[in-house]
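Down below is the structure, laid out as structure tokens.
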Amino acid sequence: MDPATLEAPCPFCTLSDPDSNYVVKHIALYHPEIDERFGANGGKNAIHLNQAPSNRQQHLPVNEGNRHSRKYAHRPHGCGERVSDTKLPTHFDLRSAEEIAHESEAYSQPAVSGSLIARKPSRLDDYDDLDNVQYLHAPLAESLSKKGKPTQEVPKEKRPQSPSNIALTVKKLGRSELGPYAHEKQMPSWLRKLLERGAKITESNTVAPDGTPRRHRLMENETADVIPVLVRLCEQDKSVQRAFFCSPKVRQVSKMPKEGGFCGYRNIQMLISYIQECGVPGHERFPDTLPTILQIQEMIEDAWDKGFNSIGRIETGGIRGTRKYIGTPEVRCEAKSIGGTKDMQAHDILFMCIANYFRQACSLDANEKVFLTNLPPIYFQHEGHSLTIIGFEIRDNGSANLVVLDPMFKPSSAVKQLIGTRAVPADPIRILKGYRRGATYLKKYKIFEILKAIMRTSPNVIITGTPGVGKTVHCEQLAQDTGLRHLSINQVAKDRDCFEAYDEELETWVVDEDKLLDAVEDEMLQGGLLIDWHACDLFPKSWIDLVVVLRCPSTSLLYDRLSSRGYKQAKLQENLDAEIFGVLFEEAREAFDEEVVVELTSEKDDDVEENCARISTWISSWRANQNINTN
């Protein structure tokens, strides 16, 4: 029998769940007056729920040391995920908020003249048990709620160590980090079939603004246009002083019934929905629907094979076909670890980091109450769960909230009824509660991780080639023409001591590539660089937008240039051979997609002028396309 279909009912209400232990906890929490009649053991002995037939594992081993001794119980009916006992009350609060929103009347009256009309909210205390009580440090709250720039500096975030720094300390993670199925080799066959089937797909035909027909495919667990609804609700909520939201094109992705703990993958799908809908670099890799959980597992395993954060495989033991939890190391774009300091708690620092993230895309000189930006959403991880941050609120009492999409919950019927309409909800606070996470929720955790996709406004261009082909001349000219910054990797290696040895025969220093990458990573992620170096294959593809390989076909001319530098015969001959056989061009084509690699001749002054003009035109086009895509 399919283990997912076995249900243990609550004898006092309509709830049922495959895990009888969960039903017992439900009785203790929601029917305490009945539970007390049965003494200390509650209804467990009297009702004999544990005798319900079940092929599922009733008790997980908890003796992996103190840090792994967490007990898990199944979450409510249809979810299938396990949650630690200590988090059950919070989960029930959020589930209750979702149900309230489902029951809430979606609207009370139509909008008048396109404006939003809000009924006076009920008392804040009635709804804000999860959201309030935490107050921002005064300078930041004032800067975000009034005109002017933030005056308080955000404590420096802890940057993840590079593989070279942590290789000696890597150890396999356990149940505390990877969840209750940390040691399984393969998920059950019924679950794999469920994930392979995926959610139900609906297709519809629409007409684009230009009159062309367009066919849309939407998964049952994906909902578009949720963020515009939340923006309207925040506008109507009188307790909100200011709010900031990411791109409205992000889709809310929820878990399927009975799939279990795949929240990390669902958050990845929400990030990918932004990439797809905004057409940012990389969107061509996701041409149709969102990748499935199993496909994302394959992508992560493939990235490990290619050396991207490969310690993840050591820590997890591999994730292909399993139910192991994943976090920011597996989906890393720019992962930051946030912990408390002597003066500030972790959630205070988190609020400040998120506030500054949205602040970069807004002008607080404007009088708007709610800012809708084109920023990507943020992957957010705390112990045992991950969410997608789509916004940030400042309340009129000085408190703050994160606005999140939680893959555990699907959009309520109240939200769905507001999509695509101008209707006015009767009580926006009730609907918003399920999307808010305030200090009461966050202060239970001491460490957070956030993952931000860096959206560069200017490209990174590598100007590469053998010594003597004119890399520096091109970079200096392009820096004047385009405003991009010339970054000499040779100079960086010298200034930051990125050498590991000296080659006596070739009279050259051997660069420590890991140390070099660490040295330039922050600058690369910001973009706007002309990277001047004789090699390009060590840089991650995601850092580079164009690779220009300069060539000097005249070996006699190149020989004269190298000789004038005082190169000894061995070094001179090695560089000549590399140029004759096109070694650097082949390396570039192997390391990067063919369409971003271009080969240009560099022998005469006219070549330099012509090459710089072509590259400048490409840079202008890149900037224009980026502008269109993000707007």
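Even glycines carry a Cβ here, placed using N, Cα and C.
The ATP binding site annotation in TrEMBL covers Gly468, Gly470, Lys471, Thr472, Val473, Arg565, Lys604. The compositional bias 'Basic residues' feature in TrEMBL is assigned to 68-77. The annotation domain 'UFSP1/2/DUB catalytic' is assigned in TrEMBL to 240-451. If you look up TrEMBL, you'll see 52-86, 141-166 marked as region 'Disordered'. Annotation comment: TrEMBL describes 488-511 as region 'NMPbind'. Residues or ranges marked as region 'LID' by TrEMBL: 564-574.
Counting every protein chain shown, the number of other Cβ atoms lying within 10 Å of the Cβ of Gly468 (ATP binding site) is 24. Whole-number maximum of the Cα to Cα distances across the ATP-binding residues Gly468, Gly470, Lys471, Thr472, Val473, Arg565, Lys604: 19 angstrom.
Confidence for the region 'NMPbind' (488-511), expressed as mean pLDDT, is 87.
Just so you know, the Cβ of Thr472 (ATP binding site) picks up 14 other Cβ atoms within 10 Å once every protein chain is counted.
Taking every protein chain shown into account, Lys471, Arg565, Lys604 are the binding-site residues, and of these the Cβ with the most other Cβ atoms within 10 Å belongs to Lys471. Put plainly, the binding-site residues Gly470, Val473 were compared by Cβ crowding within 10 Å, and the winner is Gly470.
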